[in-house]
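One structure below.
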Amino acid sequence: METNKTELLQEILKEFSTIFAPNDPNSEQQKKVFNTSEKVLRKLGEFHGLQQITQNKLDQFDNLIELLGAKMFQLNEIYKVIDNLTLFVEHVKKIVLKVEGRVNETKKANSRMNKIFGRKKKKVNQTEKKSKKKERKRIGYRTNDLLEKYDLKIRKSEEEEEEEENNENKKKEKSKEKKEEKKEEKKEEKKEEKKEEKENNQEKGKKEEKEEKKEKVEEDKEKVEEEKKEKIVNQNDQNNQEKEKKEEIKKEKENKEEK
């Protein structure tokens, strides 16, 4: 395409030189024409070079935009993974808190059992050896009773936790309901305010219409009065003109009669 353009321009410049320059190739005018044609061709070549450079830059810019789009997609995927990890960590934290609560309960229970039975060895007298079997039986019954009580306490603690959770959930639900009720009340208040504004605007519009009608009526009255005054003035002018004409006619007649 560029070669075709240059060839066409060369032909046009040759025709231009033949039209405006003389046939003598050594003439100054023809030399000036050829010099200008060469300058024009050089400028066109530079212009085509700049076009190519700009096109290359635009291609590079498009490639950069594509790369940025790919990077943004990767970032979105990374953000999704981070969100999933945060949810997993929160779940693990909840589990850890529950386990810690159970561990604390077991520690308390063990401390109570140690207080009841005691791990310190006591000296046994000769008289106590005989009643050893009875004591063992009695201790066994006591341990069974304590274990049953401990199981009951654990169950009660679990039930209390469930009740607390249920109460907390109920409180949250009540707070949500209250918030929703407040939102609905605010919406209704806004609707009522809008209605009042509309009514006030309608009343203002009606008042303005009445005032405009009054002003129009007054303007019409003023126009009618002005027209009447103008008519009266015009009529008086006509009457005065007619009187003057009549007087002039009388004077002319009198002058003629005197002559």
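Glycine residues also receive a Cβ, built from the backbone N, Cα and C atoms like all the rest.
Listed in TrEMBL:
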type	residues	note
COMPBIAS	167-232	compositional bias 'Basic and acidic residues'
COMPBIAS	240-259	compositional bias 'Basic and acidic residues'
REGION	121-140	region 'Disordered'
REGION	157-259	region 'Disordered'
**Request:** Mind tallying the compositional bias 'Basic and acidic residues' (240-259) by DSSP state, helix then strand then coil?
**Result:** 19 helix, 0 strand, 1 coil
**Prompt:** So how many of the residues in the compositional bias 'Basic and acidic residues' (167-232) end up helix, strand or coil by DSSP?
**Reply:** 66 helix, 0 strand, 0 coil
